[in-house]
Amino acid sequence: MANQTPIPVIVNGAAGKMGRETIKAVVQAADMTLMGAVDTNPEYQGKDAGEVAGLNEPTEVPITDQLEPILAYVAGERHLQPGVMVDFTHPDAVYDNVRSAIAYGIRPVVGTTGLSSKQIEQLADFAEKASTGCLIIPNFSIGMVLLQQAAIAASQYFDHVEIIELHHNQKADAPSGTAIQTAQMLAEMGKTFNQPAVKETEKLPGARGSLAGEGIRIHSVRLPGLIAHQEVIFGAPGQIYTLRHDTSDRTAYMPGVLLAIRKVLQLKSLVYGLEKIL
């Protein structure tokens, strides 16, 4: 990297918890430079991104609520590598954010969950036509990728499985993108799980969770005090096999975020999932 210019990075959702951690990680990465910080919260407009993130030194990058001028600015810096936008915003905003970034030739790295399957298909088509890399990653934790791989291995030997995901009460969407992705991975094994032993009746709608395909149920918990946690519970006569991953601090995601920023520059289309770039 010594002979290359640094990767210009825009952090969208800069004042959020993941945005702040990303700013710190990008500033500390020798091969990256923070070029823009965007957040719609009026409390942080004009404030230095480094100050908001808790860095000791200012970044001289003010937070703005206008994404497109930042995209245009970074796209116009031709002496730099192609820009990357890291998006930790809101399910209602992320689709338009990604389309705007791709339109400017900026590579999106998306950690915001809540995109529908149809929206992901549309973004994949848009990215492919633009020959622009895009990464959508429900969970940047390498430990979570290992849990998912272990779950795939276990699914060959167990016919009953349910997923419980637990997050902080500021998370807007449920179930989590990671839980949905885990269920999809298991569904791709080509078997139907959880054949009922009896005819089930829900006394309260949703008591048995949401069906994610092939009989796999997902249960969501939202409480203050939690960050991000997931259990995949397999059952068979006489035994229970539980896989669990706990995030105790958001710094756990930063190796995955930095890896995604570097890898997205090598892509010409949309890729879904951290496991695809490890």
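FYI, residue positions are counted from 1 along the chain as it appears here.
Note that Cβ sites are derived from N, Cα and C of the backbone, with glycine treated the same way.
Record features (Swiss-Prot):
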- G13, A14, A15, G16, K17, M18, G111, T112, T113: NAD(+) binding site (BINDING)
- H167: active site, proton donor/acceptor (ACT_SITE)
- H168, G177, T178: (S)-2,3,4,5-tetrahydrodipicolinate binding site (BINDING)
- K171: active site, proton donor (ACT_SITE)
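Sequence features, as recorded in Swiss-Prot, placed on the structure.
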| residue | record | DSSP class |
| --- | --- | --- |
| G13 | NAD(+) binding site | coil |
| G111 | NAD(+) binding site | coil |
| H167 | active site, proton donor/acceptor | strand |
| G177 | (S)-2,3,4,5-tetrahydrodipicolinate binding site | helix |
Completion exercise
Quick note, G177 ((S)-2,3,4,5-tetrahydrodipicolinate binding site): same-chain residues at least 6 apart with CB under 8 Å of its CB -> T113, G114, L115, P138, N139
Practice task
Could you check the binding-site residues T113, T178 and say which one's CB has the most other CB atoms within 10 Å?
Solution key: T178
Handout entry: Whole-number Å value for how far T178 ((S)-2,3,4,5-tetrahydrodipicolinate binding site) lies from G111 (NAD(+) binding site) (Cα to Cα)
Key = 11
Completion exercise
For G13 (NAD(+) binding site), the spatially nearest of the recorded positions H167, H168, K171, T178, using Cα atoms, is K171
Practice task
By Cβ count within 10 Å, point out the most packed of the recorded positions listed: K17, H168, K171.
Solution key: K171
Handout entry: Surrounding CB atoms that lie within 10 Å of the CB of G111 (NAD(+) binding site), all protein chains
Key = 25
Fill in the blank from the handout: Residues near A15 (NAD(+) binding site) by Cβ (under 8 Å) yet at least 6 apart in sequence within the same chain, in sequence order, are D39, N41, E43, Y44, V52, I63
